[in-house]
Amino acid sequence: MPPKKAPAKKLHELAAEVRVGHKINDISKKTFIVGKQFATGGFGRIHTCTEEGKSQQMVMKIEPSTNGPLLTEVVVFNRILKKELIESYKKKKKISWIGLPYLIANGYFTYESEKMRYMIIPKYATSLEAVRETNGGTLAMKDSLTVASCILDALEYLHESDYAHADVKAANILLEKQGVYSTAVLVDFGLAHRTTNNVDKPDKKRAHNGTCIFTSTDAHRGNNPSFRGDIEILAYNLMMWATGTLPWMALESSPEKVFDAKQKFIAGLPGTLQNVLKNESSAVVGCIASMFDISMKTNYTDKVDMGKLKKLVTDAIQKTSSDGKKTPTRQKKLAEEDKNAVTPKRSTRRLAVKEESDNKDNDEVEVKPEKKATPRKRTTRKAVEVNNDSDDNEEQYENPKSKSSRTQTKSKRAKEEDVDDEEEIIIPKSSRSRSKVQLSGEGSDVTTPSSAASTSRSRSIRLGLTSSTASSNKVAKKIEQKYKRLSMNKSSLVPVTISVASDKSPTTSTPSSSSGLRSKRKSSEDVGEGITLKTQVLITPAIKKAKTKSGISSATKASPTELRRVPGVRNFPKGRRSMIIKETSAKYKERLASRQTKPTFDDSSCSSEV
């Protein structure tokens, strides 16, 4: 039985990683220091490098000595891309720039017992592909045509040297300086082919060679790279740079389908090109269509008329530049017209619009805010209450009233603010006998006799109001602090919601001592005419969050987010609205915090003070 054949080696192997700082001695007695790797190719790795004793960075390509692509490129550089050859060509053509790199050094070195090939060329700023991706996949047409002009000059040099590039694309085009497209450089000669022995005889083994979406129809058929093929590839690239895509982009994984799509596209020219470049000018479409036309009419082995092509591209650049100059002028004119028009500032205040008749040419509208109303003095409260009444909101923008009407308004608003918050207290069953509750027709006042000596003069305490009597305020706060906290855990506590008496008809009670005793014996049913007593189980959030006369609950006022949604608040000017919301929410947050954090007190002290 014959021995099994060893598995075939891969066509191209990736080079081993060379450490940074490794020194390579060239045959020219120069030493180069390997820098960081910044890219990889089908043949190997690409590093930065410097010459020992110098700081200028260069590019070093490294691959195993058994690989072929870098060898092909080294041969091309040694034949036609030496620095002295390029300088001689520039003098002959009387040009100052040509978009081709030159060879600095090349050779072999051994790294970890592996023989490697290297080549050093100049380093450039960035690639056109990186710029295109940064711009969202496209390039400005003027920039694209400028790059195309540089590439045509580079291809002319290669074609005169009997070489076809065969792999023109944005990834193989570098910019010497960032943002400067007039000095674009064509690199990567791994697929470059010498055309002296070209014969129009397709070979299926060579079919679809190159970058599938850009490669020429000659390469799809299996022919060697040709001069006309380079122009066809450049035309495909211009389509890609203008639109960011190609009609056969989705078919890239199937080279045969891409080839069929390209044949149909070329057969339908120039209509198919116009469908792709809908947003471009006729000069641009005509230029690219002519590139396809010249490519198709040139024989496989013939050289392309570069002079005609460069003139087409130059004319298209000039027309694109002239079109680009007209557009900013038009935009500048429109901007000046917009500047002349006066745009009114956003405001919630009523605006008086006055039209100027002096200037007949420019119909400008002058917007003047109405005279600001005289600000009202703040009430005795620290925070400003926010009411939902539309009348209160409109008062800020109306003309100031007379002195007497303002005084009446202030007193009315002060009364409304006093009765704004309906308070909730909780009275334990054990202390009901010590309290005396009297009800009035419109509201209710809680009267608590302090002792037998003071029965001749009883006081009416309005719970939850800002009273001038310090003792009544103190008692109300103590009752609230103690029994509000205890109501959370003890079922014996009964919450009592007491509606506030109207300021118009306040009632006072002056009971005798005997009537006070009788009131102690009153049952909860007699008292319940104006006071609703509920057990802890029956307490609902609606009762705990009793709404005020303005229709806004204390919980809403304590929350800036909820307070901002109140319809009346939106009528305030923006700066004033934020200040009111901040002050109001801070006030009610402080009130809620004081109810929860203040210490408790003894029942006996409370009853004695009452």
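Each residue's number is its place along the chain shown, starting with 1.
Any Cβ shown, glycine's included, is placed from N, Cα and C.
Annotated in Swiss-Prot:
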type     : residues                                                             : note
ACT_SITE : Asp167                                                               : active site, proton acceptor
BINDING  : Phe38, Ala39, Thr40, Gly41, Gly42, Phe43, Gly44, Arg45, Ile46, Lys61 : ATP binding site
COMPBIAS : 352-373                                                              : compositional bias 'Basic and acidic residues'
COMPBIAS : 388-397                                                              : compositional bias 'Acidic residues'
COMPBIAS : 447-458                                                              : compositional bias 'Low complexity'
COMPBIAS : 465-474                                                              : compositional bias 'Polar residues'
COMPBIAS : 502-517                                                              : compositional bias 'Low complexity'
COMPBIAS : 550-559                                                              : compositional bias 'Polar residues'
COMPBIAS : 594-610                                                              : compositional bias 'Polar residues'
DOMAIN   : 32-384                                                               : domain 'Protein kinase'
REGION   : 317-476                                                              : region 'Disordered'
REGION   : 498-530                                                              : region 'Disordered'
REGION   : 544-577                                                              : region 'Disordered'
REGION   : 590-610                                                              : region 'Disordered'
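Features per Swiss-Prot, on structure.
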residue: Phe38; record: ATP binding site; DSSP (3 states): strand
residue: Gly44; record: ATP binding site; DSSP (3 states): coil
residue: Asp167; record: active site, proton acceptor; DSSP (3 states): coil
Segment confidence, the domain 'Protein kinase' (32-384), expressed as mean pLDDT: 86
List of residues, in chain order, with Cβ under 8 A from that of Gly44 (ATP binding site) and at least 6 apart: Leu14, Ala15, Lys61, Ile62, Glu63, Pro64, Asn67, Leu70, Met116
Rounded to the nearest Å - Cα separation of Phe38 (ATP binding site) and Asp167 (active site, proton acceptor): 21
Ile46 (ATP binding site) and Asp167 (active site, proton acceptor), distance between Cα atoms, whole Å: 18
